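J.: Positions annotated as transmembrane segment by TrEMBL: 25-47, 59-78, 98-118, 130-151, 193-224, 236-258, 270-289. Annotation comment: TrEMBL describes 41-287 as domain 'G-protein coupled receptors family 1 profile'.
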Amino acid sequence: MDVANKSTMFELVLLGLCNSWELQMFFFMVFSLFYVATMVGNSLIVITVIVDPHLHSPMYFLLTNLSIIDMSLASFATPKMITDYLTGHKTISFDGCLTQIFFLHLFTGTEIILLMAMSFDRYIAICKPLHYASIISPQVCVALVVASWIVGIMHSMSQVIFALTLPFCGPNEVDSFFCDLPVVFQLACVDTYVLGLFMISTSGIIALSCFIVLFHSYVIVLVTVKHHSSRGSSKALSTCTAHFIVVFLFFGPCIFIYMWPLSSFLTDKILSVFYTIFTPILNPIIYTLRNQEVKIAMRKLKNRFLNFNKAMPS
């Protein structure tokens, strides 16, 4: 991108979700509560898993990393949106816009691979329990997490490099509350049909393919669990159901947005809110309310904290 081109796009205007002041104040309160709840809930999961030795297993190691990614995904754009509602300053620099695109695809790409790693962990635990310890070792878990971040970085770099090659020549209003390629390439002075094909091939098909693989693996797991009626199988069914709820609610909006990049902006806005604000809070809710081990560990952590406060001299 040449200097003149970049100068015309030096500052972008984020139109946000609506123009109504009353609705903006409503969104400010709701999204602020969701953001705080997301950070507190996911932080509790991370602290609980680290502190409680009973949770030092591959599944909870992956869950901890998922919580970290969810906190990051909730933070790349939501704090700015909340601040914008108060200040009314809904602009972002072109470099800031590229930064949002980078982190959005970094965290979503990383989460996609991590969710696949978690499904692989549950598949081995339920379908090949005798080989679980030898296949899912601590080294393998670390490798899976590192691989997820590497894939996320590579994917996000490809999106940013593509955005840098787009020719911009005037319009600077982004019809969303954050920057992403489906809305940013609407400002480019080229045929959006070709850009839409790029989005479908680099993000839409990848997300859809990963979802199909995940869906297939969970079907196998659930069929395996169905043939057992023990208490352990019931626990496995509960865990896998929780995993699949997270997968479905995360992949659904992503697949729709990137498979149909030229769809209604209103629909895209609603789905964007869902997977950047609502989905990150589902992780602590689903994994704590449906997981007895985590609830017991959190209760112990709370009791330890209360006992520590009582022991402190007044």
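Quick reminder: no glycine exception, Cβ is built from N, Cα and C everywhere.
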J.: I'm a bit unsure how to read this: which one of 25-47, 59-78, 98-118, 130-151, 193-224 has the highest number of Cβ pairs shorter than 8 Å with the transmembrane segment (270-289)?
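T.: Looking only at 25-47, 59-78, 98-118, 130-151, 193-224, the most contacts with the transmembrane segment (270-289) come from 25-47.
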J.: Pop the mean pLDDT for the domain 'G-protein coupled receptors family 1 profile' (41-287) in here, whole number is fine.
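T.: Averaged over the domain 'G-protein coupled receptors family 1 profile' (41-287), per-residue pLDDT gives 84.
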J.: Verify whether three or more Cβ pairs under 8 angstroms connect the transmembrane segment (25-47) with the transmembrane segment (98-118), leaving out any pair fewer than 6 apart in sequence.
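T.: No, the transmembrane segment (98-118) does not contact the transmembrane segment (25-47).
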J.: Take the C-beta pairs under 8 A between the transmembrane segment (25-47) and each of 59-78, 130-151, 193-224, 236-258. Which stretch has the highest count?
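T.: Selected stretch: 59-78, with the most Cβ pairs under 8 Å.
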J.: What stretch, picked from 59-78, 130-151, 236-258, has the most CB pairs under 8 A with the transmembrane segment (193-224)?
T.: 236-258
J.: Can we call the transmembrane segment (130-151) and the transmembrane segment (236-258) in contact, meaning three or more C-beta pairs below 8 angstroms at a sequence separation of 6+?
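T.: Counting Cβ pairs under 8 Å, fewer than 3, so no.
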J.: Counting only residues 6+ away from its ends, which parts of the chain sit with a Cβ under 8 Å from the transmembrane segment (236-258)?
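T.: Sequence-remote neighbours of the transmembrane segment (236-258) are 59, 108, 111-112, 115, 118-119, 122, 125-126, 182, 199-200, 203-204, 207-208, 210-211, 214-215, 218, 221-222, 225, 267-268, 271-272, 274-275, 278-279, 282-283, 286-287, 290-291.
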